[in-house]
Every structure is written in structure tokens, then in C-alpha cells.
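Asks: Got a structure for you, written out below as C-alpha cells; questions coming shortly.
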Amino acid sequence: MSKQDLKPNHDLSTPSIELSNGQVAVTGLPNAPMKQNFSILSIIAVGYNISNSWVAIAASFAIAIQSGGAVTLLYGIILVAAIMLCTGLTLAELASVYPTAGGQYHFTSILATSRWSRSLSYSSGLAAVFSWITLSASIALSSANVLMAIIIRWQPEYQPEAWHYFLVYQAMNAVMVLYNIFLTNKTLWVYNFGFLLSISTFLAITITCPARSSIQLDSSHVWTQFANGSGGWPDGISFLTGLSTPQFMLSGLDATLHLAEECLQPERIVPKAVIVTVIVGFLTAFPFSIAIIYSYKDIELSLTTPTGFPIYFIWEKATHSPVAATIFMACMFTVSCIALNAVHQTSSRLTWSFARDEALFYSNKLASVSPTLGVPVYAILLDGLCVLLLGVVYVASSNAFNAFISTTVVVAQISYAIPSALLLYRRRSADYLPPSRPFKLINALGYIVNIVTIVWAVVLTVFFSFPTVLPATGGNMNYTSVVLVAMLVLGLVNWFAYARKHYHGPRLEL
């Protein structure tokens, strides 16, 4: 294939960067001002720390149990892992050709026709930015829930109010914003520690709980008995709404895409990291879930625990030790904090990239990188401010955590589906996927994974906007649709007021 150029439609006096192994040559994109300090192991550690699949299952356990019980949880993990592997393969193939911090929205800009390139890539980028902000909110609230559950367990007379959780949530957010600004680049070893702690805790729980539990369960009951606790939804809809738990286990799948410009050999490392994230996620979440389900007989009873954290209740009953269960919770809290830090880092890099392409108000500030700290300070602060504002939703609804999870996975999948659809529109042409690319799928498989990615985005958008229980009230309704509409309004205002005149993504000139 002849040499190709990636060019934004605005003028940037940056020399071209020659790339090999099937990757196109990039012209006009700014050189990354941040250090390329991520190796294959460190970038996989970051990807794992963000997904932390068994922790995600533990944090959102109640959603699946209420919407079908063990059947939704176990079969849901298998289904979601297979579908997200298709999504991961789609992203990995594109990342091997276009490894930039923009990730999916840069893919969209390149694959779309000139008429639709700006609007579609802006939509994909905005969806990606919002998904990372709501993921930060999800993990911050989950961490707050873990900490408060420990306090409630050991101080049963304590009656927490919604604003108590709100304050802990805001404290978590503030600490991670400051850590990202001043310490993250100096302490990348934290991700390796988080990886080791997560794997060690996973093994300890998965082995200890079934071994210490004296419960004997009928496997046919576990794998076939659908416990519909939705209050009125048919089993099929209840199952689909309950998939937010297994879907959450692979949220942030695009993390390594947005750190590509801080990687050594990103065209090779990033695709591998994406696929490994899915595989390791499944290999930890599935055994963990089986171990938990077989450790306690009345799994639905855990939903009534005073701590509000069902998995804590099950761990204590299975181990016959409140101390052991609390140690597990403390490890989970630590791992969650590291995950939140990684999410803030990745989110800020995506916001920085979006601003670098002049898609946001005050792009000149948001796209700047501190020469002394080596991080995009303003992008980190903006993301932190958005997470702070999202916390208000928790005060309004007890189901805010569910809404954050659902919003995260819906808008993320939409951002993946747009370049997938355009890749199909281009018929997976060699002009856009050079035959010599480092990560290559056979064409038939490529079509399948692209189609699955698109269909799944439609399914999530429809069913994750449904309330998980009926009848829906102001206190338990699913605010996902409200958050999505708010995001749409903000995106449209920003587009017509600023981005329509200034935003330009990269283009491919054949």
C-alpha cells in the first residue's frame, strides 16, 4: 500500500512521524509532550486496574441478584465476555494502525466521509469523554459504599444519611484529582501494586469462601433457577437489565487506547493490552462469581443486609469471620482507590486529546501540559469538576450507582459502535486497514466482531435505560435516561457554540 497521511484540517506546524509495520504516517498531529514510560506490562496493569472485573462484580452484585439471581450473574458474565471480546478485537485492530490518545473518536474521524467526519467523530469523542467521567463517578461512589459498609458493620448504631455518602464520594474525588496532578507520574509502581493486590485478594476470596462455607448447593438450582426480583418485568427484560453487573466488569475497555502516546511501540502494545484486559477480566470474574454463589445458600437474603453491601454479608457468612470479611473489604477499598486513580488519569488524557483537536471550550488551556508536572492539569481539574457535579444525582436517587454504571457502559459502547459501523461502511478496505498491520483479523471474523459491537450498543442503550424494579418511583427510578439527555444537551450546546467552528479530527488522504 502506498504511503498515506493522517491530516487534521487545521494547520499545525509539527513534523510528520514515520511509522512502520502497517501503521499509516501521521502528519499534523502534535507530538505527545508526555513521556513514553508505559511498557507492555505496565500498560496491562493499568488496563487491569481500571476494569478490575471481580471488584466490579462485587460492587454491583445486588443488581444482577435482584434481576435473575445466579442465572443472570453467571450466564451474563459468559455472554458479556464473548461480546466484549468482539468489541476488544475491533478496537485492537484499529489501534494497531492508528495509535493515538483520541482512540475511537480518531478512528471515526479517519473512517468517515469528509461530509460526516467532524460531526461523527465529535459524537464518538463526546460519548467516550462522558463514559470516562461517569466511570469515575461509579468507582468513587462504589469506594464510598465500601468504606461506609465497614463503618456500619462495626458501628451498628450509626445511621448514615445520603449526604454522608456524598461527602465521602467528594473526598475520594478530590484526593484522586490532587494525586493525579502531583504524584501519578512519579508513582507508576502503584499500578503494579494494585495488580498484585487485586489478584492476591481474588485468589484468597475464591479459595477461602467455598472452603470455609459448610453450604451444599444443588447445581441444577444454581444454574437454572431464575429469581426475578424486578417486581413486574418479564424474565427476559429482567435478565437484560441485570446485565449491567457483568457489563460493568469490562468498563473502561478503551483505557489503553487513550494512553497510547505514553507507550513504547503503541501499535503493538495497545492491541495486546486491550485483548488481555478482556481475557483476564473473564478469568477472574467468572471463578469469583461461582465461588460466591456456592458459598451461601440464600443469596437473595444478602440484599437486605444493613450495610447495604451484599457481598460483605456473604463473605462474613461464608468465612464465619467478620474480621476476614472486613479484611477482604479493606483490600477491595484499596484496589478501588487505585482503580479510581487510573480512571482519572485515563479520562484526563482523553479530555486532553479532545481539547487538542479543539473540540471543547478553552481548548488552549485544556490541551496544555504542565512543563514541571508533565500532566494536563486543566483537563484533570475539568474531569474532577464533572465528577463532583454528578455526585448530586446520588442525593436525588438511591439508585444513582446503577445509573452511573448504566450510563458508563451505554455511552462507551456507542463510542465503540460508531467507528465499527464506519469500518463496515468502508468494507474493511486495505486503504484503512493496511494488510501489514501488527494486529490483523481475517476479514470474515472482522465483519462478525464489527457487527456484534454495533448490535450490542443498541441493546445496551434500550434496556439499560429501563428501571430495574417496578413500580418505578422518584427514589428508585433509573436516572440513566436523564443523564443521557443531559449529556446530549451539553454536547449540542458545545457543538453549536464552539466545536462546530473549531473542531477538526485527523483525516486520511489516499
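Glycine is treated like the rest: Cβ placed from N, Cα and C.
Marked as transmembrane segment by TrEMBL: 38-65, 72-92, 126-151, 163-182, 188-209, 274-296, 323-343, 375-397, 403-425, 445-466, 478-498.
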Asks: Among the recorded stretches 38-65, 72-92, 445-466, 478-498, which has the greatest number of Cβ pairs closer than 8 Å to the transmembrane segment (323-343)?
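Replies: Checked against 38-65, 72-92, 445-466, 478-498; highest Cβ contact count belongs to 38-65.
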Asks: Determine which residues of the chain contact the transmembrane segment (72-92) at the Cβ level, with the cut-off under 8 Å and only residues 6 or more beyond its ends counted.
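Replies: For the transmembrane segment (72-92), the sequence-distant neighbours (Cβ-Cβ under 8 Å, at least 6 residues beyond its ends) are 57, 61, 64-65, 103-104, 222-223, 226, 238-239, 242-243, 245-247, 249-250, 253-254, 257, 270-272, 274-275, 277-279, 281-282, 285-286, 289-290, 293, 413, 416, 419-420, 423, 439, 441, 445-446, 448-450, 452-453, 456.
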Asks: Counting only CB pairs under 8 A, let me know which of 274-296, 375-397, 403-425, 445-466 has the most with the transmembrane segment (126-151).
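Replies: Result: 403-425.
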Asks: Same-chain Cβ contacts of the transmembrane segment (163-182) under 8 Å, 6 or more residues past its ends?
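Replies: Residues 136-137, 140-141, 143-145, 147-148, 337, 340-341, 344-345, 348, 373, 375, 377, 380-381, 383-384, 387-388, 391, 394-395.
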Asks: Are the transmembrane segment (274-296) and the transmembrane segment (403-425) near each other by the rule of at least 3 C-beta pairs under 8 angstroms (pairs 6 or more apart)?
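Replies: With fewer than 3 qualifying Cβ pairs, these stretches do not touch.
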Asks: Between the stretches 38-65, 274-296, 375-397, 478-498, which one has more Cβ pairs under 8 Å with the transmembrane segment (188-209) than any other?
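Replies: By the under-8 Å Cβ criterion, the transmembrane segment (188-209) pairs most with 38-65.
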Asks: Do any residues, 6 or more residues outside the transmembrane segment (478-498), come within under 8 Å Cβ-to-Cβ of it, and if so which ones?
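Replies: Apart from its flanks, the transmembrane segment (478-498) reaches 119, 122-123, 126, 130, 134, 359-361, 390, 393, 396-397, 399-400, 402-404, 406-407, 410-411, 464-468, 472.
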